[in-house]
Amino acid sequence: MVVQIYGGIIQFGFMIEKMVHRSALKSYAFYGCHCGAGGSGWPVDEIDWCCHVHDCCFESITTKRCYPYWVFYRYHHNNEDITCLDEPLDGCARKACECDRTAALCFKRYDSAYSSSNNFLSKSTR
C-alpha cells in the first residue's frame with residue numbers, strides 16, 4: 001500500500017514510525033545526545049549517529065528562505081523505502097524530505113542497536 005502524506009516535522013515522525021514500527025515521539029525525541037531538540041557531545045550509539053547526521057543535514061540546508069523543521073513536503077512510502085516527491089530536486093521541501101528520509105532509513109538499518117536505556121539521558125550525559 002502506498003500512502004501519500006504532507007507536512008513538516010509531523011511527517012518525519014510518520015516516516016520513522018513506518019520504518020521501525022514504534023512511536024517516534026516516545027522512542028526518539030529524547031534519545032541519546034542528538035535526537036530531539038539540540039544536541040551535543042559524542043553520539044552514544046548508531047541511532048544517536050542517525051540523529052547527529054540528520055541535525056547536520058538540516059543545518060546544511062537552513063537559510064532565511066528554508067527552515068526545514070516546518071516546511072511541507074510530499075512523499076510516499078511502503079514498508080521498505082520512502083520516496084520524496086517534491087520538485088525541484090534542489091528545493092527546500094525536497095531537501096528536507098531527503099534529510100528526513102535518510103534518518104528514518106538509518107533508524108531502520110540500526111533498529112537492533114536501539115536501547116531504551118539511552119532515552120532521557122541526563123543533561124550532564126548529553
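Yeah, the Cβs are placed from backbone N, Cα and C, and that goes for glycine too.
Model, not experiment: these values are computed from the prediction.
Annotated features, as they stand in TrEMBL:
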DOMAIN    8-126  domain 'Phospholipase A2-like central'
DISULFID  C35-C51  disulfide bond
BINDING   G36, G38, D55  Ca(2+) binding site
DISULFID  C50-C106  disulfide bond
ACT_SITE  H54  active site
DISULFID  C57-C99  disulfide bond
DISULFID  C66-C92  disulfide bond
DISULFID  C84-C97  disulfide bond
ACT_SITE  D100  active site
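TrEMBL feature annotations superimposed on the structure.
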{"residue": "G36", "record": "Ca(2+) binding site", "Cβ within 10 Å": "16"}
{"residue": "G38", "record": "Ca(2+) binding site", "Cβ within 10 Å": "9"}
{"residue": "C50", "record": "disulfide bond", "Cβ within 10 Å": "27"}
{"residue": "C51", "record": "disulfide bond", "Cβ within 10 Å": "22"}
{"residue": "H54", "record": "active site", "Cβ within 10 Å": "22"}
{"residue": "D55", "record": "Ca(2+) binding site", "Cβ within 10 Å": "18"}
{"residue": "C66", "record": "disulfide bond", "Cβ within 10 Å": "14"}
{"residue": "C97", "record": "disulfide bond", "Cβ within 10 Å": "25"}
{"residue": "C99", "record": "disulfide bond", "Cβ within 10 Å": "22"}
{"residue": "C106", "record": "disulfide bond", "Cβ within 10 Å": "19"}
Exercise for review: Please work out the helix, strand and coil residue numbers for the domain 'Phospholipase A2-like central' (8-126) from the DSSP assignment.
Suggested key: 58 helix, 9 strand, 52 coil
Practice item. Take the C-alpha atoms of C51 (disulfide bond) and D100 (active site) and report the distance between them in angstrom, rounded. Key: 10
Revision key, fill the gap. Rounded Cα distance, in Å, between C50 (disulfide bond) and C35 (disulfide bond) is 8
Review point. In Å, rounded, how far does the Cα of C97 (disulfide bond) sit from the Cα of D55 (Ca(2+) binding site)?
Key: 13
Check your understanding: In the same chain, outside G36, G38, D55, whose C-beta lies within 8 angstroms of the Cβ mean position for the Ca(2+) site?
Key -> H34, C35, A37, G39, C51
